[in-house]
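A.B. asks: Let me give you the structure first, and then I'll get to my questions.
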């Protein structure tokens, strides 16, 4: 069973993937790391070549991650915009379960500010502008995120609670 972690930038997709993989002894694939490895470039460098180019790289990495995971229980953290690109939701639905990590704009902004410069669509030094950008982005992507099989509110979530929910899908 593949479990795809989706959500906004700053929702903790990579963090939760790492925590759950360790707790539940699951394989893990970080799509951003796979994209960078496959293209010998960073996400910002790839994004600088245009968002359509980046989204093609992202979709190719998704297909590769699905193939690499085989029939093992695998957590796959996706990029925040991946579900909005045509065909990606169908790919994930056909290959496993989609988990939407929902979070408030305030929490997203606080987390994004911890790693400035790593998210090209959110580049700004102004916290107010960042919240506005995140709010607008969430509004645009919500329709895609809501197609997930499972929605998990992560703002005050414990690892034990999340792990218990995930166990239902892998046992």
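Every residue gets a Cβ built from N, Cα and C, even glycine.
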A.B. asks: Would you identify which residue of 141, 167 TrEMBL lists as part of the substrate site it also attributes to 32, 55, 80?
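C.D. replies: Candidate listed by TrEMBL for the same site: 141.
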A.B. asks: Among the binding-site residues 13, 55, 141, point out the residue whose Cβ has the most other Cβ atoms within 10 Å, with all shown protein chains included in the count.
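C.D. replies: That would be 13, with the most Cβ atoms nearby.
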A.B. asks: Give the number of CB atoms, excluding that of residue 10 (ATP binding site) itself, located within 10 Å of its CB.
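C.D. replies: Excluding its own Cβ, residue 10 (ATP binding site) sees 24 Cβ atoms within 10 Å.
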A.B. asks: Take the C-alpha atoms of residue 15 (ATP binding site) and residue 141 (substrate binding site) and report the distance between them in angstrom, rounded.
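C.D. replies: Between the alpha carbons of residue 15 (ATP binding site) and residue 141 (substrate binding site) there are 21 Å.
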